[in-house]
Amino acid sequence: MASFENKLKDVIIKLHEIEALKFGMFKMKVGIESPVYVDLRSVISYPEILENIADLMWEFAALRNIECDQLCGVPYAALPIAALMSSRSKIPMVMRRKEAKKYGTKKLIEGKFNPGDNCVIVEDVVTSGSSVLETVVDLHSEGLNVTSVLVVVDREQGGSHNLSEKGVAMNSLCTLSKILQVLKEAGQINQDVVDSVRKYIAASQIHPDGTFLTPQPRTENVNPSRLTLPFTARADQAVNPVAAKLLKVMVSKQSNLCVAADVTSASRLISLAESAGPYVCLFKTHIDIVEDFSPQLIQDLLAAAQKHNFLLMEDRKFADIGHTVSLQYSQGIHKISSWADLVTVHPIPGEGVITGLKSAVTNLHRGCFLVVEMSSAGNLASPNYVASSMEISKKHPDFVAGIVCQTSGTVQNPGLLQLTPGVSLDCQNDGHLGQQYNSPEDIVMSRGADIAVVGRGIIQATDPAQAAQEYRAKLWAAYEKRVSSVKNV
């Protein structure tokens with residue numbers, strides 16, 4: 001019997017022959033050019049190769065002493081591989097849908113299993129590990145345990161590290177480096193190709209959200225107009241009047257800084273508005289945590305906003321049916337609609353949450369930011385949720401001023417603003433509370449923020465005014481660098 005190593009080499013060469021492994025220049029989903037493309041979907045047309053891959057994967061799992069109660073293939077290319085592995089090993093398989101059915105059982109995970117079963121994920125190719133992490137979240141939600149993933153090809157671009165940080169061990173049948181070695185020894189590729197791919201791997205390490213450890217030149221997959229157009233030009237393209245006003249404030253103050261004023265006393269809130277106010281474009285409140293709230297506080301906030309030329313955002317994160325949010329917005333002790341230029345909204349209830357809010361402010365210039373991604377570790381915002389949320393924003397351009405998100409490609413319309421939380425000068429996380437931080441340059445250049453949110457970095461500073469001034473300078477410098485340096489490629 002041929003050795004495991006020889007069988008693996010034979011499969012790699014055959015994958016190259018059927019063009020499942022390609023070398024050249026290929027535009028990737030994340031928006032850059034890659035000298036190598038791995039597409040195992042075509043393997044279903046070659047049953048013998050498919051069987052060999054499945055057999056190698058199961059043999060590899062045995063060598064690694066990987067045991068489980070269930071297998072789960074990641075859609076779509078890994079599904080036939082996982083199915084063959086299940087058939088060979090007699091281990092049951094579950095299947096994760098890309099999105100839940102809108103009829104019948106409406107299940108996201110199909111198959112028979114018991115809560116607490118240990119499940120091993122099977123994937124064809126891993127780059128950043130994002131697809132695997134999405135699958136882990138869905139399996140966990142059904143009570144399955146996931147600690148390992150079996151992968152045919154590891155592109156060596158950060159996936160193993162990203163998965164390890166989430167407690168998932170990645171076991172790869174082969175890496176890009178191994179593929180290069182085998183094909184070079186077989187005379188299938190030359191040294192120039194090897195060097196090109198190795199250079200690409202080293203320079204293109206990727207976070208789970210698709211952003212790079214070091215900024216990369218992007219193609220038109222990310223609309224360059226939002227990233228390169230100056231705020232002055234974008235103000236003319238904003239449909240929502242508050243978005244247009246905010247962009248003009250940003251230009252006049254040379255500030256793309258929002259302070260998260262999460263304080264619990266009225267005096268502290270006004271003190272922060274006065275000290276940080278000259279340096280911010282947006283002042284974000286959680287008015288419901290102020291223990292000594294009174295109507296006078298609102299008058300003082302409005303006076304500070306007018307004095308220092310900033311807008312007010314109440315971070316209410318509305319997330320209920322339309323009638324309820326209209327009352328939460330306009331009634332009660334806080335009467336948010338009467339003073340907040342902007343509010344935040346979770347689109348999880350659907351389009352009705354927007355129409356409900358709009359119904360409460362028919363005669364006022366108001367707007368909202370849809371929260372489609374969050375900066376907290378382990379948040380549950382999936383790509384499908386983000387895409388559906390963006391569709392809602394397109395239906396209400398008169399009220400949606402912007403998007404709260406973490407990824408530069410999410411907001412493409414230059415008339416919308418991207419608000420991104422989680423910026424700090426020291427870029428550390430806050431431990432058990434789960435907040436993850438980025439540097440001012442990273443938040444603007446790599447993550448695409450138009451406005452960055454700073455909370456504790458300012459409100460816990462010895463001198464909040466000085467801290468706000470420093471954050472404003474660094475964030476604005478990053479914006480100017482982005483506008484001048486990002487080019488179409």
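The backbone N, Cα and C atoms fix where each Cβ goes, and this holds for glycine too.
Keep in mind the model is a prediction, meaning the values are calculated, not measured.
Over in TrEMBL, the protein carries these features:
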- ASP315: active site, for OMPdecase activity (ACT_SITE)
- LYS317: active site, for OMPdecase activity (ACT_SITE)
- ASP320: active site, for OMPdecase activity (ACT_SITE)
- ASP262, LYS284, SER375, GLN435, GLY455, ARG456: substrate binding site (BINDING)
- 256-471: domain 'Orotidine 5'-phosphate decarboxylase' (DOMAIN)
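Mean predicted confidence for the domain 'Orotidine 5'-phosphate decarboxylase' (256-471): the pLDDT average there is 91. Cα of LYS317 (active site, for OMPdecase activity) to Cα of ASP262 (substrate binding site): a distance of 14 Å.
If you count neighbouring Cβ atoms within 10 Å for each of the recorded positions LYS284, LYS317, ARG456, the highest count belongs to LYS284.
Packing around ASP315 (active site, for OMPdecase activity) is summarised by its Cβ count: 22 other Cβ atoms lie within 10 angstroms of its Cβ, all protein chains included. Counting only same-chain residues six or more apart in sequence, the Cβ atoms lying under 8 angstroms from the Cβ of GLY455 (substrate binding site) belong to VAL259, ALA260, ASP262, PRO421. Residue environment of ASP262 (substrate binding site) contains 15 other Cβ atoms, counted within 10 Å of its Cβ in all protein chains. Cα to Cα, ASP315 (active site, for OMPdecase activity) and ARG456 (substrate binding site) are separated by 16 Å.
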